[in-house]
C-alpha cells in the first residue's frame with residue numbers, strides 16, 4: 001500500500017538514510033526498530049512528508065506522494081502519532097480530538113456531534129476522560145492515548161505509531177497492542193516503531209531493522225526472527241546480557257535514607273522504607289499507586305503530613321531546592337521538560353546544578369574551569385558530543401547521559417530516578433544501567449521507578465511494590481522477576497485497600 | 001544561544017591554553033560562530049550613523065553625536081535592565097512610571113533641603129525596593145509580571161503626579177555640584193551621564209554573561225521547570241532581576257533629574273515600550289533564555305540616532321513618532337531574519 005524505496009537523506013555531513021526501502025501492506029503491523037540515530041525518525045518524517053528525501057520515492061497505491069504537512073498527509077489517509085506529545089494542553093479533550101476543524105452544525109461547532117464521533121474511538125482505547133477537561137490536566141498515558149484517538153478519527157489507511165508506548169504504563173500499553181492488532185485486521189497498514197523489543201515481537205507481523213541508515217533486516221516475519229537475532233541485527237553484535245544485580249554492599253551505619261511512617265494525604269499512607277548506601281531500590285506500582293510519591297518525598301517536592309524522611313546528612317528535605325543542596329539528585333525520563341536546557345550548550349547544562357543550584361564555585365568562576373570540568377564529565381560517561389554543542393543536537397540517549405552528567409557534577413548522595421531510560425535505544429539503556437550500578441557501587445543510595453519492568457528486574461537489589469499509597473510487598477533475589485513484579489502490582493488492585501504498614 | 005562577550009585579557013589567555021591542550025575540539029565552535037551575536041546590531045548602528053552622515057555631514061560632528069548619545073542614556077539604562085527581565089521570561093512595564101516617580105521624589109527631597117547626593121541614593125534604593133516588590137508580588141500571587149508591572153506602572157506614575165500636584169517641581173538649588181557633575185559637560189569632553197551609561201553597560205554585561213546570577217537568570221528563562229528541579233533559587237532570582245530592572249530606571253531618573261534640574265511627573269511616557277523594543281532589537285528574545293546587554297544599548301542608540309536624524313532631514317516633528325514606530329518594526333523584523341540566515345549557514349544541520 002505504502003511503498004518507500006531507495007531513500008537517501010543527509011544532514012550536513014551525516015548520512016541519515018542510505019538507500020532505505022520499506023513496504024507497508026494493508027492488514028499488517030509492520031515494526032520498525034533500530035538504535036537511536038539509525039534513521040528511524042528520518043524515515044518517518046519522509047514517509048509523512050515533513051522532510052523531503054534527496055533520492056528515492058514514496059508511493060501510495062502506486063502513485064508518488066508528496067505531503068506538505070501532517071494535515072495533507074492525513075487527508076490522503078496517512079496518520080502519524082509522533083513520539084513527542086502534540087496535544088494542545090489548554091484545550092478540552094474534545095477540542096483536541098478535532099484539531100483540523102470540528103464538526104459543525106449551522107456554522108457553529110457541535111459538541112454533540114463531536115461526542116458522537118469520538119465516543120466509539122475512545123471506548124476502543126479504553127479511554128474515558130471527562131470530555132470538557134483540559135488536556136493538560138490528564139495523566140501522561142491518557143494524553144498519549146488521546147493522540148492516538150485523534151489519529152484514528154481521521155480514518156486513516158496508513159497509521160504510523162512512533163514510540164507509542166514510551167509513556168504508557170503496562171496495562172495501557174497492552175490495551176494499545178490489542179487495538180493496534182484489531183486495526184490491522186480491519187485492513188489498515190500500521191507502521192509500529194518501538195524500543196520495547198518484546199512488545200514488537202508481540203504486536204507486529206513483520207519487522208524491518210535499520211542500522212546506520214541502512215536496512216539490515218527487511219520485512220521479515222516476526223515469527224521467524226528471535227529476540228536475540230533482532231538485537232543482533234540492531235546492534236551489529238551479539239547482545240551483552242545484562243549482568244545480574246550485584247549483591248548490595250551494605251555498609252552498616254553508612255549513609256542511608258529512611259522513610260518512617262510517611263503519609264502524604266491522597267498519595268501515600270504510612271510508608272516506611274530504608275535504603276542503605278550502595279543499594280538500588282526500585283519502587284513499582286500501577287499508575288497513581290504512590291510509587292512516584294515516594295520519589296517526590298525524597299526529593300522534597302511533596303511534604304509528609306506525618307512521619308519523617310531522613311536523608312544521609314540527617315536532615316529532612318524541606319523543599320526541592322533544599323533536597324538538592326542536601327545531595328539528592330532527581331533524574332527524569334522527561335529530558336526536555338525537567339532535565340535539560342535544550343537551547344544551551346552541554347557545559348552550561350552540566351554545571352547548572354552544582355554551580356547554579358547548589359551554589360558551588362562562587363559568584364564568578366572562570367568559564368574555562370567550568371568547561372574543562374564538563375568535558376571530563378562527558379568523557380567519563382562516554383557521551384558523544386562537544387561541550388560547546390547545544391543539547392538539542394544530541395540523540396535521546398546522549399541527552400539522557402548529559403542529564404546524568406549534570407547531576408553527578410553535583411556529587412549527590414542519593415539518586416531518585418524516574419524512568420531514566422524512557423525513549424532511549426538499547427545500547428544507551430545498558431550504558432545508563434552501567435552508570436547506575438557504578439554509582440551504587442560508590443555507596444550512593446539509588447531509588448528508581450520505571451515503566452519498564454525489565455529495567456527494575458535487571459537493576460534493582462529489591463523492588464518495593466505499592467498499591468493505593470501503601471507498600472504491599474517487597475521482591476528481591478530469586479523472586480524478583482518480571483512476572484512476579486507484574487503480579488504484585490496488579491494482584492488485588494481492584495479490591496479496597498487494606499490498612500497495612502510496610503516493610 | 002550563549003552570548004559571547006568580547007573576551008577580556010585573562011579570559012583570552014585561558015582560551016589559548018585550552019586550544020593548546022585540546023586542539024581541534026575546542027576550536028570548532030569558534031569557527032562555527034566567529035562573530036559575537038552583538039556584531040550585527042552594532043554594525044547596523046555604525047552603518048546608520050555613517051549613512052546619515054553621508055547626506056548630512058553635520059550629523060557626524062562630535063557635539064551632535066554626544067548629544068544624541070546623551071539623549072539615549074535614560075531609555076538605554078532601562079533597556080539594559082530590561083534584558084534581565086526578558087531573559088527570564090518576565091517583562092517590566094513599570095520602568096517608565098518608576099522613572100517619573102524617581103524624578104519627582106528626588107526633586108521633592110532636594111527641594112525639602114536634602115543633600116542632592118543623598119536624595120539620589122534614596123531614589124536608587126526606593127526604585128530597587130519597588131522593583132523587588134514587583135518580583136515578590138509576581139511570585140507570591142502567581143501573576144504574570146506583565147500584569148503586575150502594568151498595574152505598578154500606573155501606581156508609580158500616579159504617585160508621581162499626586163506628589164508633584166500635577167506640576168513641574170522647579171526652584172532646585174542648581175548651583176549644587178550634583179547638577180553640574182551628573183547633568184553637565186563631564187569628563188574628557190563626554191557628558192558624565194554617558195560615562196555612567198557606558199559603565200552600566202560594561203558592569204551589567206559582565207553580570208549577565210559571567211556571574212552566577214546572570215547564569216541563573218538565563219537558565220531559568222531557558223527552562224523554568226528544569227531550573228526548579230535543579231534546585232535553583234527561582235523566586236529569589238526573579239525578585240533580584242526585577243529589582244535590578246527597577247534600579248536601572250531609578251538610575252535613569254537620577255541622571256535625568258540632574259540634567260533637567262526639574263521634576264516633571266509626566267516625563268517618560270511610553271519609555272517602557274521603547275526600552276523593550278531596544279532590547280529586542282539588540283537580540284534579547286521575549287521567549288527568554290538569552291539576551292545581550294550590549295545589544296540592548298546599541299538598540300537604544302539606533303532608535304536615538306533615527307530620532308536625531310529626522311531633525312536633520314527636517315521631517316516635521318509630528319511625524320517623529322510615526323517614523324520611530326517604523327524603525328522599530330523594521331529593526332525587530334530584520335534582526336531575527338539576519339540571525340536565521342546566519343544560523344542556517346553556520347549549523348547546516350537539523351537538530
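In case you wondered, yes, glycine gets a Cβ from its N, Cα and C as well.
Those TrEMBL annotations? Automatic predictions, nothing curated.
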Feature transmembrane segment in TrEMBL, mapped to one of the ranges B:188-208, B:209-229: B:188-208
TrEMBL annotation (transmembrane segment) - matching range among B:167-187, B:293-313: B:293-313
Annotated stretch (transmembrane segment, per TrEMBL) among the listed ranges B:17-35, B:93-111: B:93-111
Recorded stretch that, among B:68-86, B:93-111, B:143-164, B:268-286, has the most CB pairs under 8 Å to the transmembrane segment (B:239-262): B:93-111
Sequence-remote partners of the transmembrane segment (B:39-56) [C-beta within less than 8 Å, at least six residues beyond its ends]: 65, 281-283, 292, 294-295, 298-299, 301-302, 305-306, 309, 312-313, 331, 335, 338-339, 342
Among B:93-111, B:117-136, B:143-164, B:268-286, B:319-338, stretch most in contact with the transmembrane segment (B:293-313) (C-beta, under 8 angstroms): B:268-286
For the transmembrane segment (B:268-286): best-contacting stretch of B:68-86, B:117-136, B:143-164, B:188-208, by Cβ pairs under 8 Å: B:68-86
